[in-house]
Amino acid sequence: HPQAARARAARPPPSRQPPSRIEMQASMVHARTGAVAGVTSTTGETAARRTAPQCARIAGKSKSASSVPGRKLGAHRAAASVSCAARSACAAKSSMRIESFAAGAAFPAAAAKGSLRASRGRRGAVTCKATAAADTGGNPLTAIFAKNPALETVVYFALWYYLNIQFNIINKQIYNYFPFPWFVSAVHLAVGLLIMTFFWTTRLVKYEKPDKEFLKAVTLPAFLHAFGHCLTNVSFATVAVSFTHTVKTLEPVFTSIGSYLLTGTVYAWPVYAALLPIMGGVAIASATELSFTWLGFSTAMASNVAFSARAIFSKKLMAKMSPLNLYNFLTIVSLLFCIPFVFIFEGSTLAAGIAKAVELKGQKEFIFVLLKVGAFYHLYNQVAYQALGKVEPVTHAVGNVGKRIFVIGFTILAFGNKISMQTAIGSGIAVIGAGMYGFLKAKYSDQTKTIAR
């Protein structure tokens with residue numbers, strides 16, 4: 001009947017009743033089963049996934065049956081909930097069995113995991129120690145220095161002073177009975193070649209292979225190094241060591257002049273002002289030096305010119321190689337230049353001089369002393385380069401002044417040289433002036449200019 005149809009259409013649809021206790025328990029079991037299955041193993045997840053579609057189909061049937069009014073809806077809903085609960089419980093039992101199996105292997109797995117973590121920790125510690133050892137070159141002394149930088153600086157300066165003093169004393173002792181400075185200079189460089197070869201082969205010093213351009217560029221500094229070194233030894237053999245070192249304080253004067261002439265470098269005026277006490281002190285000391293000779297004075301001055309030019313031309317090579325390896329290659333090439341000088345200046349009398357020295361000291365002692373003085377020469381230069389790399393230029397300049405004071409003082413005591421008060425005052429003024437030059441040069445380095453020439 002039309003009115004009955006309109007009444008049925010106007011009737012509101014039956015509202016969905018809240019879930020019953022069975023449905024809530026089933027959903028809780030299902031959720032718990034899924035959680036357990038999710039954290040235990042993939043098999044539990046598979047079981048949960050197998051039951052989920054079936055529960056969904058049952059729930060779909062229940063939803064489709066929602067159009068059935070009254071008791072049929074409740075019956076269908078109850079049946080669906082019970083069936084889903086039963087299947088979820090089955091999945092829960094399966095997951096619990098899996099969980100029980102996993103729990104049986106939980107202790108060894110945890111132990112293995114803990115062992116792995118501990119192993120990783122130990123491996124990390126070993127790796128850190130290995131890295132630290134690699135950074136320190138595997139040398140325990142280097143590791144100690146890395147922890148105590150101040151101790152490292154003290155050791156470098158102490159070695160620098162000790163090796164330099166020993167070199168100057170032994171070197172002068174040799175010249176007292178074997179006055180052949182050109183030959184002895186070549187021996188210094190030859191022993192240095194043996195030492196650097198040992199350092200390179202044992203990898204105590206990393207070898208850097210030079211290219212053709214470097215070998216061409218190092219030729220002139222090496223010649224200047226060889227010439228300056230030989231001239232310094234001629235001065236050592238001719239006059240007192242203390243006087244030679246006093247004259248050597250004039251090297252900054254020639255470096256300043258050469259830097260301006262060759263590269264256009266201009267320093268701040270306090271730097272140039274510090275050169276005045278150096279020149280004045282050397283003049284005062286030379287006026288009353290008891291061992292003064294023009295040969296000793298002129299060769300010391302000429303060595304200042306050579307070493308100043310070497311320093312200027314070596315600056316460009318610093319960017320191509322480390323200072324230590326640069327000095328090593330300078331030594332090698334310098335030796336090649338020294339050998340001709342030996343034959344030119346001492347070739348005619350060298351054999352007789354060696355025979356006389358062997359007769360006086362003995363062959364073994366004579367050879368040993370030559371090797372020892374060469375080792376002291378090379379090692380003190382290497383330590384000086386190492387010290388320069390560890391401290392600021394100002395500290396190095398002050399240390400260089402201290403080295404000259406120690407060398408002058410110890411050589412005077414070792415050989416009993418008599419010096420006048422005027423010579424002592426002049427030497428002191430020159431050494432202090434050299435220290436002020438190094439200090440002010442570092443302090444006003446930001447005011448250094450280069451003029452285009």
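From the backbone N, Cα and C atoms, a Cβ is placed for every residue, glycine too.
As the structure is a computational prediction, the values presented were derived from the model and not from experiment.
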Range among 375-396, 397-418, 419-440 that TrEMBL annotates as transmembrane segment: 419-440
Per Cβ pairs under 8 Å, the stretch of 292-313, 325-345, 419-440 packing most closely against the transmembrane segment (253-272): 292-313
Cβ-based contact of the transmembrane segment (292-313) with the transmembrane segment (220-241), 3 or more pairs under 8 Å: yes
Taken over the domain 'Sugar phosphate transporter' (153-437), the model's mean pLDDT: 87
